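Participant: Taken from TrEMBL, the feature ribonucleoside 5'-triphosphate binding site applies to Gly14, Ser15, Gly16, Lys17, Gly18, Thr19, Arg125, Val134, Tyr135, Thr198. The feature AMP binding site is assigned by TrEMBL to Ser35, Arg40, Ala61, Leu62, Val63, Gly88, Phe89, Pro90, Arg91, Gln95, Arg169. Residues or ranges marked as domain 'Adenylate kinase active site lid' in TrEMBL: 125-160. Summarising the annotation, TrEMBL assigns region 'NMPbind' to 34-63. The annotation region 'LID' is assigned in TrEMBL to 124-161.
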Amino acid sequence: MAKLFRAVILGPPGSGKGTISERVASSFGLQHLSSGDFLRENIAAKTEAGVLAKTYIEKGALVPDHVMTRLMLPRLVEMTRHSWLLDGFPRTLAQAEALNSACELDVVISLNIPLETLKDRLRHRWIHPASGRVYNMRFNPPRVQGVDDISGEPLIQHEDDKPEALVARLRHYKDVAKPVIDLYRAKGILHMFSDTETDRIWPYVSSLLSAKIPTDLADAQRATTH
Ligand SMILES: Nc1nc2c(ncn2[C@@H]2O[C@H](COP(=O)(O)OP(=O)(O)OP(=O)(O)O)[C@@H](O)[C@H]2O)c(=O)[nH]1
Ligand SMILES: Nc1ccn([C@@H]2O[C@H](COP(=O)(O)OP(=O)(O)O)[C@@H](O)[C@H]2O)c(=O)n1
């Protein structure tokens with residue numbers, strides 16, 4: 001069995017983690033696990049962790065580490081036989097240490113996007129809650145404004161994308177992300193990308209992963225996901 005590949009993508013709200021993760025999933029056959037989407041699934045399903053997490057997310061605050069870890073690690077156990085890309089977790093040093101005790105990472109991608117770019121992107125972000133499909137009125141608009149291309153259901157904007165909640169989230173992100181980035185840099189697995197456009201970052205991410213993911217593994221995984 002080819003060695004599995006484990007990666008994490010870090011970046012502030014609106015940095016393009018989800019956009020790049022989808023491209024990685026379809027190009028390399030890695031499973032994309034978005035902690036934000038997984039949280040919203042748990043909130044919708046009114047699970048114990050979902051009910052608890054909802055109280056923090058509504059304030060634009062971070063969900064406590066033990067709640068996130070208790071939610072994410074069992075999900076990763078279910079994915080033991082897959083290569084995966086984690087998006088939005090770990091977010092803090094405690095979460096990174098919990099993850100590191102559970103598995104070995106091969107690559108950590110860190111997106112470094114200017115604040116004004118983030119604000120502009122999130123102002124125009126629309127989401128289809130049921131599927132997690134993400135649109136942007138400037139970057140990838142839906143065919144019909146306010147309507148999901150696939151289901152025809154209405155698109156929404158996340159409460160915590162509103163400018164007033166966004167400032168709190170961005171400040172939180174900077175405070176908690178630095179030790180996580182430093183940890184992975186010290187491990188020698190951090191790769192930082194800075195730009196204002198995903199389409200300019202993507203070729204670099206793609207060539208990094210092409211060099212890191214064994215070709216037989218990528219071919220095998222593409223075969224299973226298509
Ligand atoms: N204008 C523009 N918008 C982009 C670009 N890349 C992504 N977006 C849009 O910007 C918004 C944020 O992108 P996401 O992929 O959701 O970013 P994220 O890091 O996953 O965001 P969170 O889930 O909030 O952490 C979405 O509406 C994307 O469609 C880009 O290069 N230019
Ligand atoms: N590790 C994590 C991931 C998400 N979250 C919460 O879940 C919300 C939605 O996560 P998300 O990944 O969709 O959004 P971003 O905050 O990453 O832009 C975040 O704003 C946080 O409130 C968290 O507290 N801890």
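Using the three backbone atoms N, Cα and C, a Cβ is placed for every residue, glycine included.
If you look at the structure here, what lies around each of the features I listed?
Facilitator: Within the same chain, the residues at least 6 positions away from Gly14 (ribonucleoside 5'-triphosphate binding site) whose Cβ sits under 8 Å from its Cβ are Ile113, Thr117, Leu118, Lys119, Arg121, Leu122, Arg125, Asp161, Leu166, listed in sequence order.
Residue environment of Arg169 (AMP binding site) contains 20 other Cβ atoms, counted within 10 Å of its Cβ in all protein chains.
When Cβ-Cβ distances below 8 Å are used as the criterion, the domain 'Adenylate kinase active site lid' (125-160) is approached by residues 13-14, 18-19, 34, 37, 40, 44, 57-58, 60, 166, 169, 198 of the same chain, each at least six residues removed from its ends.
If one looks beyond the region 'NMPbind' (34-63) by at least 6 residues along the same chain, the residues whose Cβ comes under 8 Å of a Cβ in the stretch are 17-18, 21, 70-72, 75, 86-89, 91-92, 129, 132, 159-160, 165-166, 168-169, 172, 176.
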Participant: Which of the three DSSP states, helix, strand or coil, fits Val63 (AMP binding site)?
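Facilitator: Reduced to three states, the DSSP call for Val63 (AMP binding site) is coil.
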Participant: To the nearest whole angstrom, state the Cα distance for the pair Gly16 (ribonucleoside 5'-triphosphate binding site) and Ser35 (AMP binding site).
Facilitator: 14
Participant: Rank the binding-site residues Ala61, Val63 by how many other Cβ atoms lie within 10 Å of each Cβ and give me the one with the fewest.
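Facilitator: Among the binding-site residues Ala61, Val63, the lowest count of other Cβ atoms within 10 Å belongs to Ala61.
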Participant: Given the binding-site residues Gly16, Gly18, which one's Cβ is surrounded by the fewest other Cβ atoms within 10 Å?
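Facilitator: Result for the binding-site residues Gly16, Gly18: minimum number of other Cβ atoms within 10 Å at Gly18.
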Participant: Can you check which residues sit near Ser35 (AMP binding site), meaning Cβ under 8 Å from its Cβ, same chain, 6 or more apart in sequence, and list them in order?
Facilitator: Met68, Leu71, Met72, Leu86, Asp87, Gly88, Phe89, Arg91
Participant: Can you tell me how far the Cα of Gly18 (ribonucleoside 5'-triphosphate binding site) sits from the Cα of Val63 (AMP binding site), in Å?
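Facilitator: A Cα-Cα distance of 19 Å.
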